[in-house]
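Visitor: As annotated in TrEMBL:
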DOMAIN    1-111  domain 'C2'
DOMAIN    124-248  domain 'C2'
DOMAIN    287-416  domain 'C2'
DOMAIN    458-573  domain 'C2'
TRANSMEM  790-820  transmembrane segment
Amino acid sequence: MKLAVEISDASDLAPKDGAGACNPFVEVEFDGQNQRTPAKPADRSPQWNYTLLFDVRDPARLASLPVDVSVHHDRSLTDHHAARPHTFLGRVRISASSLAPSPAEALLQRYPLEKRSLFSRVSGDIALRLYLIANDSSHPSPPLAAPAPAPVPARDLPTMDITGALDPYVEVKLGNFKGVTRHLEKNPNPVWRQVFAFSRDHLQASQLEVVVKDKDVLKDDFVGHVVFDMSDIPQRVPPDSPLAPQWYRLADRSGEKLRHGEIMLAVWLGTQADEAFPEAWHSDAHSVSQEGLASTRSKVYYSPKLIYLKVMAIAAQDLIPAEKGRPLAPCIVKIQLGGQTRRTRPQGSANPVWNEEFMYVAAEPFDEPLVVTVEERVAAGRDEPVGRVVIPVAAPYVPRNDLAKSIEAKWFSLSRALTADEAAAAEATKLKSSFASKIHLRLSLETAYHVLDESTHYSSDLQPAAKKLRKSPIGILELGILGARNLAPGKSPYCVAKYGAKWVRTRTLLSTVAPRWNEQYTWEVFDLCTVVTVAVFDNCHVTGGPEAKDQRIGKVRVRLSTLETDRVYTHFYPLMTLTPGGLKKTGELHLAVRFTCTAWANMLAMYGKPLLPKMHYTNPISVLQMDYLRFQAMQMVAARLGRAEPPLHREVVEYMLDVDSHMFSLRRSKANFNRMTSLFSGAVAVAKWMEGICKWKNPVTTILVHLLFLILPAHMDTALSHAEPERVHPDELDEEFDTFPTSKPGDVVRMRYDRLRSVAGRVQTVVGDLATQGERAQALLSWRDPRATAIFVLLSLLIAVLLYVTPFQVVAVVLGLYLLRHPRFRSKQPSVPFNFYKRLPAKSDVLL
């Protein structure tokens, strides 16, 4: 005797690959035997139609044996270096006593997937057909991949038209609220798989009615209905397993059961923690069209995995002019990855040497190839290509550099194709030609860096791109988005929260000034010195169409290091937005936040470690290049999340990531100046004392100061003044000697104004950084980070005891030897005191 398990399909599985999909396969265990289906890449509703056969070794024990069906995500399809190749998606346990004795008597049934533990993230269901096969039976054993009938959540519906056709759809009515499914043409056995959720505030009726109708031109026909009394509907509270759907016979208007027609339903009183809730139609959005309904649902998103791509253009050989009969002009290398383009300096030789290095931001999966073009600069503003190579950003062309090791450079043949498409086609078909020019490149994916896509002051993730270099989590962050109050009338608000690579979006509540979301989300915490950002937006896509932009209502930031462990912070945070008309108070956001520590030793050790991975200090990236890479990373995240369904629109992502934080703002400059003023308010008294000296209130001290000035040599320092020819641009001197008001044309003034904004933006950043350093010292004394201050107090006590028992000469000798140690004993990473100070909070978290 054999047991046959037919695996038909699954639907609405939980996303696991970071891009909103999964690679599911099914594993079945029976009586110590394990078998599995093939994996279906990037498919949350896969179709297998696969049959697995198991031996029934002891028929007497059959009734007591379970059949365990587990669904897993195959991570090895997208990540060959994954520490855990499989991720749990759900399971079903079926008693063998309920098996059909033959294939003819077996029915296809849908089973909701169950959790393995309280914290498992599971959704969806699976369609299975189980039966026994006798070895001497006349029924042949089904082959592998045998087709199985499709699941039918409504079946055998009666026809209503003369033609015999039926275009069914379902209305779900509760009082004045009605949800409608899509209609399916000419289908007596339709499949909808739609969920409808009605708010408890709207439960004003005593009955729930589910009506099946036939879509018609003039008037839709009534097919049948099922009525539920609200007092008889069961209640489900997670972690209870999902309620199994059942078949219900349709009735006519008088309540008499129809001879034909059944509908499969699951009806329950639940909570927002139900797995089906995020994808459900909500009564709060009853007036939204079917097209706009998707933009009102809650959703979880993940940022793409970003990696720095390092390209070093070393040299080229045997370059040939683009036009025959003329000498080769100076050549440059144009390197392009998607919308990121960089160029080398021109070199005039048939075998030029550049040795220039560039960094790009690449996102997995690497859809965009690297296009390297050697161009001839035949005239100012005119470059002609002499050869091109298109390189896929994947192994073996571009290796991953996890350990900062030296990567070997390679020679690549240049193609005469003048477009990237032509070059790719030539590379794919391996076309050979007499053109033998080559270029020498060193390519590597620098996974030891962390790709910054946020402002450094509000970073929520500091982990390197390489998984094997990442640290284990130190705790869990729980965020409850409860509600808001005092919003402007006519708003349709929703919230977006970001921490690390995980973004969450609450559902949209239409036209309310006091929304209540009551949604809870969790994140793993790898570093306490990070910030969770929560923003509220007005969903303008619901009423304004696809071209509308969601409006900002306000934003809240919470730094995790300022939270006490295991304490729940429940507050109304003020919402404000800055407009050209000034600052507007737009309401208050009600949040509940809790940080739970799971590794105390690792958490305390974090205070002595650098914020960023080791690679940022051993091989640092320049400030200007880092700003460029951060901007590119922000654009890539916005583009990827904008392609999700429903999309997280660009204006939302840019506001969450503070895209314009580096731009010059007179308001920010004044704010940073005031921060500096308040920080150094203690020095004001010293300045007044110096003023008294200048006014000869203390003649002796004033005379000594005059003698000091006379002793010091006075001369002009041209290097300090940036007046040397190689350090100043001619246009800067022309601007300096321009008249006031200016006499230059408008385009020159516009260019100089943009340059001024760029320089002022850097000065503004420096002033803000200086204020931040002082505020960190104040935070240490004010117990803003209680753990950091406690560590500081204990260390101060230990140092005081040590200095008390140790002679001063010994301390001076040890300190001097340490400061004068040989470079071999010095590390490129910052010291422990520096790391500790860098992790202290500052007032930059509360700046608009």
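Heads up, the Cβ atoms here are built off N, Cα and C, so glycines get one too.
Mind mapping these onto the model and telling me what they sit next to?
Guide: Helix, strand and coil counts from DSSP across the domain 'C2' (1-111) read 15 helix, 53 strand, 43 coil.
DSSP states for the domain 'C2' (287-416), grouped as helix (H, G, I), strand (E, B) and coil, give 7 helix, 65 strand, 58 coil.
Across the domain 'C2' (458-573), DSSP assigns 11 helix, 56 strand, 49 coil.
Counting residues 6+ beyond its ends, the transmembrane segment (790-820) has Cβ neighbours under 8 Å at 604, 607, 780, 836 in the same chain.
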